[in-house]
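What TrEMBL annotates here:
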BINDING   Cys35, Cys119, Cys222  [4Fe-4S] cluster binding site
BINDING   His64, His97, His151, Ser250, Ser251, Asn252, Ser295  isopentenyl diphosphate binding site
BINDING   His64, His97, His151, Thr192, Ser250, Ser251, Asn252, Ser295  (2E)-4-hydroxy-3-methylbut-2-enyl diphosphate binding site
BINDING   His64, His97, His151, Ser250, Ser251, Asn252, Ser295  dimethylallyl diphosphate binding site
ACT_SITE  Glu153  active site, proton donor
Amino acid sequence: MSDQTFLAPERAAEHVSSTEQRTLRVLLAGPRGFCAGVDRAIRVVEEALRRYGAPVYVRHEIVHNRTVVEGLEAKGAIFVEELDEVPADGHVVFSAHGVPKAVPAEAERRNLLYLDATCPLVSKVHREAERHFAGGGPEQRHILMIGHAGHPEVVGTMGQLPQGAVTLINDADEARSVQPEDPSRLAFITQTTLSVDDTAEIVDILRTRFPDIEGPRREDICYATTNRQEAVKAIAPESDLVIVIGSPNSSNSQRLREVAERSGARRALLVPKLADLDWSVLEGVETLGISAGASAPETLVQEMVVALSEHFVLQIEERIVKKENVSFRLPGPLATSAD
Ligand code: SF4
């Protein structure tokens, strides 16, 4: 898991150079940043590099964060989009988002040595989908997947079953209009990184329209997504601006930005890293909330706080709504008793 410590106010104060600097109150959301699935996926690549040597190929960004990807590239990882870019004797890692079944099948066909860094909480949704499909037998249900079209996790989850077995529901309107062939034999699953509130609305619509639908008690949104959204809700009402550190292609980071705005922040912005910050957005801001998506390392938060401390006298408060103590073992071939 990531180190959740932040720059201590005393240390931040060391950076104050002028008595004319104005005060900025900073509310740090906790938990924020790396989740157990991201932490594990990065360890998979690092351990593969240690055991097998560079290069190790990684299919798709291992997690949606450029800083993480560039850090692994510097250590010898090569990121590819498809398996045909991997040489015959190469080691290849599948990303935390999961992959359609066709991908490991193709890796086996090509005799590639592959390691699966799919987050165990995404794999759990894969197994749920398979259970509802029930091998295409008499218990089979058609599956409605709540998620965002094109996201790699959605592609991977839908790809666990034959084409046509899963219908994607992108939003509440689609939940209202979907016309399944047999409304009495349905199940739903969800992407793990959705907005908790939006998904609750969609699930309500589906349960009302299709009372026999099977599914998880609420949804499949993971603990990390849920906790980070709760933490942002706790700081947003007091914040003139909330900065979410995360990449634009990171689903959970995008959701955090939306949650901040809906929960009372005057404005919320996604900022991939310090260099992308437009300092003019801080004009008139007296209280700044900061969070980070599940794929953003804590170092990016600390860099941001240090830079802020060079422009303002900071009053830092960390608001922790939940302590997390989750970690996942490395997958089979890399697992050791120390994991
Ligand atoms: S956000 Fe949730 S599902 Fe995704 S990698 Fe992290 S723990 Fe796993």
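Placed from the backbone N, Cα and C atoms, the Cβ positions cover glycine too.
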With respect to ligand 1, which members of the recorded positions Cys35, His151, Glu153, Thr192, Cys222, Ser250 satisfy a Cβ distance under 6 angstroms to one of its atoms?
Cys35, Thr192, Cys222
Counting other Cβ atoms within 10 Å of each Cβ, which of the binding-site residues His64, His97, His151 scores lowest?
His151
For Cys35 ([4Fe-4S] cluster binding site): intrachain residues, at least 6 apart, with Cβ closer than 8 Å:
Cys222, Tyr223, Ala224, Thr225, Ala294, Val326
Cβ neighbour count (within 10 Å, all chains shown) around Ser251 (isopentenyl diphosphate binding site):
26
Between Ser251 (isopentenyl diphosphate binding site) and Thr192 ((2E)-4-hydroxy-3-methylbut-2-enyl diphosphate binding site), find the distance joining the two CA atoms and give it rounded to the nearest Å.
9
Which residues, same chain and not among His64, His97, His151, Ser250, Ser251, Asn252, Ser295, have a CB within 8 angstroms of the centroid of the CB atoms at the recorded isopentenyl diphosphate site?
Val63, Pro152, Glu153, Thr193, Ser247, Asn249, Ser253, Gly293, Ala294
Isopentenyl diphosphate site residues His64, His97, His151, Ser250, Ser251, Asn252, Ser295: biggest Cα-Cα distance, Å?
15
Given the recorded positions His64, His151, Glu153, Ser250, Asn252, Ser295, tell me which ones have a C-alpha lying within 10 Å of the C-alpha of Thr192 ((2E)-4-hydroxy-3-methylbut-2-enyl diphosphate binding site).
Glu153, Asn252
Cα distance, Cys119 ([4Fe-4S] cluster binding site) to Ser295 (isopentenyl diphosphate binding site), nearest Å?
12
